[in-house]
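Structure first, then comments.
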């Protein structure tokens, strides 16, 4: 296939690019692991397709989900995507831990090049295709409900963001089967990722997937910011918004300003690789430091894009499950804003060791430590919220408590790393790996899991199983400590990160412990899936259709569970920070309006799926030098956008009679439900109606 | 001007078409945010250009590669196109006939295409003189920053053509109006970026 029509048709694809062919030709353990992973992707996709076809659900899926512009459904799809990607990236983490445990003065079973692909995909997926979709999904579901809106400001753009993210995630999966992934880590530092040192398709997969994800996140941020600024219901002033909305707003602003640097960094790297430019090359005036600055100008605010929504979720959870209003609301808002602003002033601490002057490092070191102050304010506010409250140790509350302990610990090691002289000692060691996992697992994963447990009954109408929730929680926390505390020791002892093998026998016991921890984390994920399965099976016993299982405070609890597609039959008017909580106490929590009006909701659109698939096709064409495919897909995207602009019939009317029927059914259910006290909220007695005690 | 007129920036329709004016509020605000995000991209490319000014590696320098005459002509053409678009926006606000509206847009489009033609000719001259992006880091940064603006102008022209088709088909419904407001912001934004390019890239090149 070196001449003739094939290169024009298939670019630089050869049969050797397929993981299966490689394993067939060279059946080592290493290649068989690669082929096994590829097989899981292929079988997974095939079984999903078969299942949908056999059950005849394609039409349902297309109409009700894939083309839907309903922010609630888009939110759910984001979270599903996050869990799929979490499963893959966690499996990779376990594989890496097993390899390191087996590779002290021994080769282990994963070869260095394969190992480098593992840590590159693990990091890229966890950040861009697990964490980002997870928080975007939760924000999508919750924010419009909390501010009393019927949807986000730009529902179609929302669907396009989802599908671009999905297309990019699909590209990550395809890279397991066809070709190989980058070995340059999740940061993709040139010059190593330049053509001179990595001529294969790996960095191109990384560039394409990350760029698509980055554009999607910019658009999401824009959408959420406009939603919050312009679509709040009457009376919902900024300082009356639930704290989760504040964190959404700050995260959105960070997305708007911090994703473009990433887009620029990856685009310039692409220019180097595709057109022979010299931005980051070693020769002809290229300057790698520009990449480091651009990447971390994104990378540091990204940390707060990830963590702030979790802070918001904890604020809601702690307040609700303590039956107390949030302590220090104003200080929490100010702290959130302060963190968002400061996050743009610390990026150099990611490369203290790369040669700037000591004075510059000192400035950025001090700025870094400053962020500890607003974060500390938040921790105290949550503690004071619990003080003398009616605290219930439900699963989301357990995650919140584990977060407070664990995150503070990670914060301390962050303060250590903020000292440039100390950073020189542990730079690029497992100490750093331990630190950022210590921030992101409690600061993102626990937060999103707390949010999932907290809002799941709202989204699906039934509560999640408590027992399996607690088992999963125990595994996440116990597994985290076992997996990452040893890495602090190893890093302080000089173990370099991203190492495929070690030569120091003293590392062995610590690596064993970390390996066990990784297995427990895998058990935690399994427990979550078991929980979902058990909860779905027991759903009829745990329904909370009335909509308020936790005696909630914000507007989102004042609808049925799940809410109707239009969210609110009548746009609410609020006059305080906890409108629904106070409304219930004043006796008008469930006021029946005098009448209903027609409601316009956005019509389904296939523009989202089309953009996502064409975007992924464009990226795939670029990765493999299949130019006709790339050009065709790019033209397709332009044509889709133009065609859409000619469609005028973009709204569907839900007639007032239908609204009345839906609302009456809900009001009847409320009248029939038995109010329960807080002691019974995790029992089947909970029908979603809270007993109101003054 | 009442508070209602000031609810979104851009050409206000408040006195002539209150309904569209209200609907425009989130749409125009959203587009401003998009422009700010886009401005970050340009700002970063300017920064990269600034750091790479010295990275000529013995190849063409700013002084030797740029021709100030044609770029001055491009500046005048692009600024004039912004003026004609502005007259189109005012015509739309006051309900001028389709013929007048389309006339202004056609003039804008012609100027936009003329700008692109001249710019492409510039690039071709540079490449002919050996000032190619693969020659040095300096030229790489030039050929990332300036053509990106050109691609934006191209997108603007395409958008303008679509709108010129839609005006006769749909008349001036809310979506046409709002899209024209957005396109106006986009077009003027490209002007501002070009002024920065002309000052920072071309005029600064003269000094060196």
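Think of each number as a place in line: the chain as shown, counted from 1.
In case you wondered, yes, glycine gets a Cβ from its N, Cα and C as well.
Look at TrEMBL and you will find A:56-575 tagged as domain 'Cytochrome oxidase subunit I profile'. Look at TrEMBL and you will find A:32-54, A:75-95, A:154-178, A:205-231, A:243-271, A:291-314, A:326-352, A:358-377, A:398-419, A:439-456, A:510-534, A:613-643 (among others) tagged as transmembrane segment.
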Task: Mean of pLDDT values spanning the domain 'Cytochrome oxidase subunit I profile' (A:56-575) - done: 97
Task: Intrachain residues whose Cβ lies under 8 Å of the transmembrane segment (A:439-456), provided they are six or more past its termini - done: 79, 82, 126, 131, 134-135, 138, 141-142, 303, 306-307, 309-311, 313-314, 316-317, 320, 394-397, 399-400, 402-403, 406-407, 410-411, 414, 463-464, 469, 472-473, 476, 480, 484, 528, 550, 556
Task: Surrounding residues of the transmembrane segment (A:613-643) on its own chain - C-beta under 8 Å, 6+ positions past either end - done: 8-13, 163-164, 167-168, 170-171, 174, 179, 201, 204-205, 208-209, 211-212, 270, 274, 607
Task: Beyond the flanks of the transmembrane segment (A:75-95) by 6 or more, those residues with Cβ under 8 Å of it - done: 33, 65, 110, 118, 121-122, 125-126, 129-131, 133-134, 136-142, 162, 165-166, 169, 172-173, 448, 452, 459, 518-519, 521-522, 525, 528
